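My questions all concern the structure below.
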Amino acid sequence: MPRRDLVRIVLVGDDGVGKSSIITSLIKEAFVTNVPHVVPEVTIPPEITPENFTTSIVDTSSNPRSRPHLLSSISRAHVICLVYSIADPSSFDRVAEYWLPLFRREGINVPVILVGNKIDLRGGRVTNQGLEDESAPIMREFKEVETVVECSALLPLNVSEVFYFAQKAVLHPTAPLYDSREHTLKPKCLEALKRIFTISDVDKDGLLNAHELNQFQQKCFSTPLQSQELDGILEIVRSYDPYAVQPLPSSSPNTPLSRDSSYGQLHYFNNNVVPPSPPQEGITELGFLYLHTMFIQQGRMETTWTVLRKFGYGESLDLREDFLAPKFDVPSDCSVELSPLGNQFLTDIFEAYDKDQDGALSQNELDDLFSTSPGNPWLSQGFPDTTITDDMGRVTLQGWLAQWSMTTLLNHRTTLNYLAYLGYSSSPATDLPTPTALHVTRPRKQDRRQRKVTRNVFLCYVLGATGSGKTSLLRSFVNRPFKGGEDGLGGYEPTTKVLSVVNSVEMEGVEKYLVLQEFGSKYESEILRNSKRLDMADIIIYVHDSSDTNSFSYISNLRQQYSLDHIPSIFVATKSDLDLAQQRHEVQPDVYCRRLGLQAPMAVSSRLGPLHNLWVAITRVALDPTSSLPRGPRSQMSPAQRIRVVARWGLAATTISAIVAVWMKWQGYSFKGIWGWMAKFAGLRT
């Protein structure tokens with residue numbers, strides 16, 4: 001939900017309590033003796049308020065004849081100022097007996113500010129404690145009551161504060177954050193603040209040190225944290241709970257800074273004077289939560305709301321849609337990759353959660369990493385078997401970056417979501433919108449036309465008959481062991497869902513990522529009929545079992561059934577460790593490929609492995625796609641383009657024939673003579 005640009009304040013209460021006088025005192029900045037019974041609606045323009053929103057102030061009457069206007073006004077209110085007269089105790093009694101129950105009966109669910117007017121008529125002094133004791137029973141029973149303000153329209157005194165608290169109740173409401181009955185943070189607020197603490201804890205040591213607190217302060221309030229302020233924060237938290245302030249681990253980076261400066265601002269000294277270090281202590285999550293509880297209890301809700309909004313939260317304490325899914329347009333024929341900033345952020349977060357520094361993320365480390373998000377986005381896709389892991393099945397940095405490269409290529413929206421969840425926009429290294437972590441590539445057609453591919457991630461569709469060894473190829477690509485039984489038999493499992501794997505291939509010192517997708521018989525035809533899905537493919541890998549006489553026919557039939565010649569292709573003959581079988585096809589695979597102008601099928605064995613030469617060959621095709629287009633340059637046209645070309649030639653031929661016919665008729669030829677003339681012209685008749 002976006003921030004409001006209008007705050008509608010409605011004043012309600014018994015007649016004679018001074019509602020109209022409060023409004024006129026605000027506008028005139030002085031008491032006005034003769035005021036209308038109901039003041040017309042007042043609009044305060046946005047430039048008057050520091051937060052740049054329009055304020056509308058509506059007066060009402062409790063007269064029964066004005067009841068429709070009263071009910072209409074409170075139904076459209078963003079906040080209600082319920083006014084009573086300190087000089088008339090019965091008007092205070094009616095707050096709980098009449099007015100607040102009326103709001104509930106009418107289904108009004110907005111903040112209420114209790115306003116005690118005419119304090120100039122009170123006899124004797126009332127302490128803050130006395131005022132709190134008087135209003136506490138009402139606030140306990142009616143949670144919609146945000147605060148109590150006393151004022152005098154006559155003096156005037158505290159009049160502007162009435163409207164300040166009313167505006168604040170709308171822009172920075174207490175109800176979503178704090179349970180005033182239990183005196184605790186509400187669950188959603190607690191969850192959000194815990195996530196913010198985790199993201200702000202850059203080194204993931206469970207503490208916010210001086211450097212991290214300064215970065216937090218800069219992000220949320222655009223001002224550095226002074227050393228005295230930090231000392232005060234530590235003292236406040238320590239007085240609440242000594243265990244909420246802990247010594248920093250020896251490995252925690254806490255940059256030494258000048259004590260007369262702000263933490264986080266680095267100074268260099270040439271006089272050999274070593275500046276004092278910042279406190280070697282940090283606040284725990286408990287201490288961080290206590291600070292925000294204290295802010296709210298002190299009426300400083302705007303502090304907590306500023307923090308929440310800076311970290312992407314909306315009024316409902318959910319991450320905003322525009323924060324999770326910002327506008328990011330991808331032109332047709334282009335793909336999306338991680339930018340250098342995105343790669344660096346994902347590298348940094350991997351290293352931060354690799355607590356044992358063994359170069360791989362265990363399951364517990366992965367769980368911690370995704371704790372600020374809805375969870376691991378790849379669980380249903382077979383992760384971590386989709387990428388590179390160590391011998392114990394733990395994802396490595398290479399596999400981690402490869403997995404994100406695949407995710408970004410296949411569904412960049414997921415990457416944008418998770419960059420937000422993981423704190424990219426809150427990272428001290430970036431503090432930039434999440435789209436800066438992504439990069440839109442040049443169109444494929446432009447790459448092919450200029451014969452220079454600028455992309456780094458390529459999508460390869462793996463097609464072939466059931467049992468041809470497609471899944472084994474995918475497993476081999478991510479260094480998974482061969483699953484076949486004796487003599488390659490007994491280990492076959494049919495593919496029932498889309499399988500995607502990713503790995504990098506080094507070409508002349510540069511890493512390129514290949515994403516291999518297998519669809520299985522259930523989804524293959526659906527993909528091949530979908531022109532948009534086909535256009536996403538950089539390469540088609542046609543796989544046949546060289547030991548199965550019927551395997552290659554499947555590929556030939558597939559190519560006849562679907563228009564695939566506009567996609568670069570490579571043919572692979574699997575199970576080369578078994579006896580070569582003569583294919584039941586009009587021509588053998590090598591001849592078939594030669595007729596297409598392609599290399600003969602590469603013979604491979606997933607059982608014997610490794611298949612490095614195959615991956616290099618596929619990457620070469622990706623980098624020089626025009627060299628592997630079936631039947632040469634004409635095949636670069638998509639099926640739709642071919643239809644348009646044929647239609648244009650057909651139209652041209654029809655037009656020419658019509659012109660010739662008209663001309664010949666004008667010359668006096670009969671149609672029989674015309675066809676004879678045309679045949680003679682074509683050399684078909686002697």
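Glycine too: its Cβ is placed from the backbone N, Cα and C atoms.
The feature topological domain 'Cytoplasmic' is assigned by Swiss-Prot to 1-648, with sequence analysis given as support. Residues or ranges marked as domain 'Miro 1' in Swiss-Prot: 4-172. Sequence annotations record features per position, and here Swiss-Prot assigns GTP 1 binding site to 13-20, 59-63, 117-120 based on sequence analysis. As annotated by Swiss-Prot, domain 'EF-hand 1' applies to 188-223. Annotation comment: Swiss-Prot describes D201, D203, D205, E212 as Ca(2+) 1 binding site, evidence class sequence analysis. Swiss-Prot lists 341-376 with the feature domain 'EF-hand 2'. Under the heading Ca(2+) 2 binding site, Swiss-Prot lists D354, D356, D358, E365, citing sequence analysis as support. The domain 'Miro 2' annotation in Swiss-Prot covers 455-624. The GTP 2 binding site feature in Swiss-Prot is assigned to 464-471, 506-510, 574-577; the stated evidence is sequence analysis. For 649-665, the entry in Swiss-Prot reads transmembrane segment, with the evidence type sequence analysis. Taken from Swiss-Prot, the feature topological domain 'Mitochondrial intermembrane' covers 666-686.
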List the Cα distance (Å, whole number) between I119 (GTP 1 binding site) and E212 (Ca(2+) 1 binding site).
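Each residue's Cα considered, I119 (GTP 1 binding site) and E212 (Ca(2+) 1 binding site) end up 47 Å apart.
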In whole Å, how far is D203 (Ca(2+) 1 binding site) from G467 (GTP 2 binding site) when you measure between their Cα atoms?
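So the Cα of D203 (Ca(2+) 1 binding site) lies 48 Å away from that of G467 (GTP 2 binding site).
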Around the Ca(2+) 2 site recorded as D354, D356, D358, E365, what other same-chain residues have a C-beta within 8 angstroms of the site's C-beta center?
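Here the non-site neighbours turn out to be Y353, K355, Q357, G359, A360, L361, S362.
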When the domain 'EF-hand 1' (188-223) is classified with DSSP, how many of its residues are helical, how many are strand and how many are coil?
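Secondary-structure breakdown of the domain 'EF-hand 1' (188-223): 25 helix, 1 strand, 10 coil.
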Per residue, counting other C-beta atoms within 10 angstroms of the C-beta, which of the binding-site residues M507, V510 reaches the highest number?
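Most Cβ neighbours within 10 Å: M507.
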By the DSSP assignment reduced to helix, strand and coil, which category contains V510 (GTP 2 binding site)?
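Strand, per DSSP.
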In the domain 'EF-hand 2' (341-376), how many residues does DSSP assign to helix, to strand and to coil?
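Summed by class, the stretch gives 23 helix, 2 strand, 11 coil.
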Using a Cβ cut-off under 8 Å and a sequence separation of 6 or more, which residues in the same chain sit near D201 (Ca(2+) 1 binding site)?
L207, L208, E212
Round to the nearest Å and give the CA-to-CA distance linking K470 (GTP 2 binding site) with E365 (Ca(2+) 2 binding site).
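Just about 32 Å between their Cα atoms.
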Compute the C-alpha separation of D203 (Ca(2+) 1 binding site) from V510 (GTP 2 binding site), stating it in Å without decimals.
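On Cα coordinates alone, these residues lie 30 Å apart.
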In Å, rounded, how far does the Cα of V510 (GTP 2 binding site) sit from the Cα of G16 (GTP 1 binding site)?
81
How many Å lie between the Cα of D354 (Ca(2+) 2 binding site) and the Cα of N63 (GTP 1 binding site)?
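The separation of the Cα atoms works out to 69 Å.
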Starting from the Cβ of E212 (Ca(2+) 1 binding site), draw a 10 Å sphere and report how many other Cβ atoms land inside it.
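The answer is 24 other Cβ atoms.
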Around the C-beta of I119 (GTP 1 binding site), how many further C-beta atoms are within 10 angstroms, looking at every protein chain?
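Total other Cβ atoms inside 10 Å, all chains included: 18.
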In angstrom units, rounded to an integer, how far apart are the Cα atoms of G13 (GTP 1 binding site) and D205 (Ca(2+) 1 binding site)?
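G13 (GTP 1 binding site) to D205 (Ca(2+) 1 binding site), Cα-Cα distance: 54 Å.
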